[in-house]
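Copied from TrEMBL, the annotated features are:
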TRANSMEM  12-30  transmembrane segment
TRANSMEM  42-69  transmembrane segment
TRANSMEM  81-99  transmembrane segment
TRANSMEM  119-138  transmembrane segment
TRANSMEM  257-277  transmembrane segment
TRANSMEM  305-329  transmembrane segment
TRANSMEM  364-383  transmembrane segment
TRANSMEM  403-420  transmembrane segment
TRANSMEM  490-521  transmembrane segment
TRANSMEM  533-552  transmembrane segment
TRANSMEM  573-594  transmembrane segment
Amino acid sequence: MKILRYLLVYRRFLLIILTPLLLLPLPLIIRTKEAECAYTLFVVAIFWLTEALPLGVSALLPAFMFPLFGIMSSKQVASAYFRDFHLLLIGVICLAAAIEKWKLHKRVALRMVMLVGVNPAWLTLGFMISCSFLSMWLSNTSAAAMVMPIVEAVAQQIITAESEVDALEMSCSNGSTNPGLELDGRHLLQFLHSPFHSKVKTTRNEDAWKCLHHHVFHAGSPRARGTGWHPVYILTEQNLSPAETGRKSREDKYNGIFKVMCLCIAYSATIGGWTTLTGTSTNLIFAEQFNTRYPDCQCINFGSWFVLSIPVTVTILLFSWIWLQWLFLGFDFKSMFKRGKDKTVREQASARVIQEEYSKLGPISYPEIVTLVLFILMTLLWFTRDPGFIPGWSSLFPKYKGFATDSTTALVIGLLFFIIPAKTLPRTSNGENTVFGYTPLITWKEFQSCMPWEIAILVGGGFALADGCEVSNLSAWVGSKLTPLGSLPLWLIILISCIIVTSVTEVASNAATITIFLPILSPLAEAIHVNPLFILIPTTLCTSFASLLPVSNPSNAIVFSYGHLSIMDMVKAGLGINIISVAVVMLGIMTWIVPLFDLYTYPSWAPIISSTNNT
């Protein structure tokens, strides 16, 4: 037992030592550049999947292994660790740092929820829409971390309001009334017939309900007439004490509310992230590796990615909302689509806490206005650089076609955040401007605190591996071995790729997963003579479908840390989300995405791979 304990404690250390040693026969026996590159790839991939070393540290291994094997020189490898992707990331992080510093994201989220309304189902949808919108521009982790405290406050306020109703029921069952807890009869009935209350079990204590009926609908009261009220029995187990009965009933009601609201934040943060090219690291990694491997293809940019992904995002978001509602609360269309001025106790509590949170922000400030303007300007410049159906602003520089990319726009706008003052010039009573200390919208220290350096190095390591696979001809060798897969139907190849990637990304980081699989799937597409985008687009999207476990991605971990979910809750909900997501992606890649990139035609920018191989 002591040996097992030592092995368990030092399992990472043993993995770090044994992995290179056990794989060492590969380059020693097969003395080719392909085998040496494969050895490096396997070692890095195992370290990424197991996280035996930090992801950024594992990504640095090609920097010294490739020169030692004679695959690439140190200068060539070093150039792979800083690409156009990193410039784009810097510009996006400048925007994200300013949005978070001045709390513009909180104002946007609360405003969107207020527009949707406080009906429980619509409230959940409002949180999903606001969180997914934020994660398009911020990191998924930041979006979930920002919205989750608001959701927690709303849920707690709902629980407080419904506890008053519970107290009223208990006071009536004890033969007493509490005027301080007297509620409007219509509100109470709406609560009693709501889907949340349907989980409460019954009691045979008719005297309690007679008391409650008398307490709310006083004899001869006008509001008691024409209400259509009928006695409703709360079901309880006869053997439970009144205190245990109340506790069990409250747990049944409240758990479903907390679970749905928590999961809607975790999944909507992920769903929103894949909508934009800059929304998640996997999209950026795909774009950079694709543009590096196929430099003659100029079809992947911010605008084209948004057009292909927005129908996918909206469809998955809608079906995910329906799935979570049905799984934990039941799906009551009648209560969802009711109209009228009367609101339930729950809805009043939700509206109150959201309005209070929004009021705390005060009027929109000068830094928020400037940040919002720069955000809109950056988005417009991304969309209009090369929209495809009309000439974009990049056509103003015909001599330098392809020189300006999305990173150019991001850097220009990002630089403005370090220049524009964070304060306006205050005026004295005489109307004269006073001197103040100059402070920009963001400082370098604030930018550094938001910059994900580990992701930047991880992506650089992925680029180095991709370059090594090309130089050593490992990619061509893999492609030749995958040629027999061309006999399978195309939709089946895409489905298998999506399922494999979705499964791996549950236990490995999204960035590491996409970095490992892109150099494999690109040669596969070339070997079977299929447009590479036909396979790469759906697998890139599926890399973000990490929904089953708290450790699958940081958004899940943040939500799980609040303590309202069990592992099985997340597994049940995440399995449905994964099935929905893969199905929608398959539908999209076989229908509306096809004409966007002419997917059924093998493009001229992709190489033609011969079926023979002399390696």
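Cβ coordinates are placed from backbone N, Cα and C, and glycine is handled just like the others.
Owing to the predicted nature of the structure, the values given are computational and were not obtained by experimental measurement.
Stretch with the largest number of CB pairs closer than 8 A to the transmembrane segment (81-99), among 12-30, 305-329, 364-383, 573-594: 364-383. Tertiary proximity for the transmembrane segment (364-383) is limited to same-chain residues at least six positions away from its ends with a CB under 8 Å from its CB atoms, namely 91, 95, 98-99, 101-104, 107, 137, 301-303, 306, 393, 406, 409-410, 412-413, 416-417, 420, 422-424, 441. Across 12-30, 42-69, 257-277, 403-420, 533-552, stretch 257-277 shows the highest tally of CB pairs under 8 A with the transmembrane segment (119-138). Contact between the transmembrane segment (490-521) and the transmembrane segment (12-30) is not supported: fewer than 3 Cβ pairs lie under 8 Å, counting only residues 6 or more apart in sequence.
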